Amino acid sequence: MEAGIVGLPNVGKSTLFNALTSAGIASENYPFCTIEPNVGAIAVPDPRLGVIRGFIQSEKIIPAILELVDIAGIVRGASEGEGLGNKFLTHIRNVDAILHVVRCFEDADITHVDGAVDPIRDIETIETELMLADLQSVESMRDKAARTARTGDKDAKLRLAVLEKCEALLAEGKPVRALQLDDPIEQKTLAGLQFLSSKRVLYVANVEEDDLEGKGPLVQRVRQRAEELGGEVIAVCARLEAELSELDEADRAEMLESVGLEEPALAVLTRAAYHLLGLQSYFTAGPKEIRAWTIPTGATGPQAASVIHSDFERGFIRAEVYSVDDLIELKTEKAIREAGRLRVEGKQYVMRDGDVVHFLFNV
Ligand code: GDP
């Protein structure tokens, strides 16, 4: 699962990417500094890992990981090949969700490509490019679907109907993600069309240090837009987060306290991105490691096991499952078992977020 960071030049994408991945890539104060997309991995902070370790002795903790791509260089006209153009749109096609960074900070020293700070205009600039690219896709797919539909092909008819709905919405200047489809078959067809503007979006409002809660008027406007057209909003001061990411734990705690934050906003952002992607975690816990594994919401026991090793799905026999809350209450796995709270689950079991699992396999 991969999230892509997008946004206009100079809004703080690289700063945020660096803080998130601590990869130390270039962050220069001019457009197009990051020509190649940068891929990094971020640990998903999860307090439950520490809780488990409080009860089960283990050598190490391994958090879940989210992949992140910094997709720089989208400017007005990208869908027509302007700037670094279509290449970036292709990168967006490959990600599962979008983190759209919008500049909500004023800073006379940092040039804005359009001359002034205006997050709504910025969002529209980028989303217009995505929508224009989608309109091009619709046009090419629609004619083909119409031809096949005329032969009586049911799938093509369905595709055509969905494409026409998308086209109508795009023509109004609205992203495909704003399309409400009740029919699950239509929803599936839509998902298969892979529109850029259908991706789930988390707007990352890059705010001033004095508006960390995102109460200012610029962020409010972003929130309002997200409510109308789909998307979530989170306020982050990228520059502050970059500084925080370089500190050791003690200094970080001190700095967090001085600015009135409980934890780095990046921890909140990472969790929000994780949920946006429709992901959840389960845990394995033993003397060697306590580890969080990433699965899509709704995954079954065998599917969850396959994340550890692809052979495990086929060889799955059953899972022994308990929750972190059971552990907090009863303190040891032995006590959980004795209290009859260790659940034995079969192949149909749908995993719950935060399950602690022992799998039994046939290998
Ligand atoms: P990108 O082009 O979107 O990747 O933007 P960068 O991350 O390179 O940031 C552009 C400039 O804005 C750099 O000089 C950053 O130091 C600065 N910057 C990033 N975030 C903030 C912020 O939260 N506040 C202020 N004042 N400057 C920031």
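For all residues, glycine too, the Cβ spot is worked out from N, Cα and C.
Automatic, uncurated: that is what TrEMBL annotation is.
The secondary structure of Ser14 (ATP binding site), as reduced to three states from DSSP, is helical. Around Ser14 (ATP binding site), a 10 Å sphere centred on its CB holds 25 further CB atoms from the protein chains shown. The ATP binding site annotation in TrEMBL covers Asn10, Val11, Gly12, Lys13, Ser14, Thr15.
Taken from TrEMBL, the feature domain 'OBG-type G' covers 1-256.
Annotation source TrEMBL lists domain 'TGS' at 278-361.
Mean per-residue pLDDT, taken over the domain 'OBG-type G' (1-256), amounts to 86. Asn10 (ATP binding site): 18 other CB atoms within 10 A of its CB, across all protein chains.
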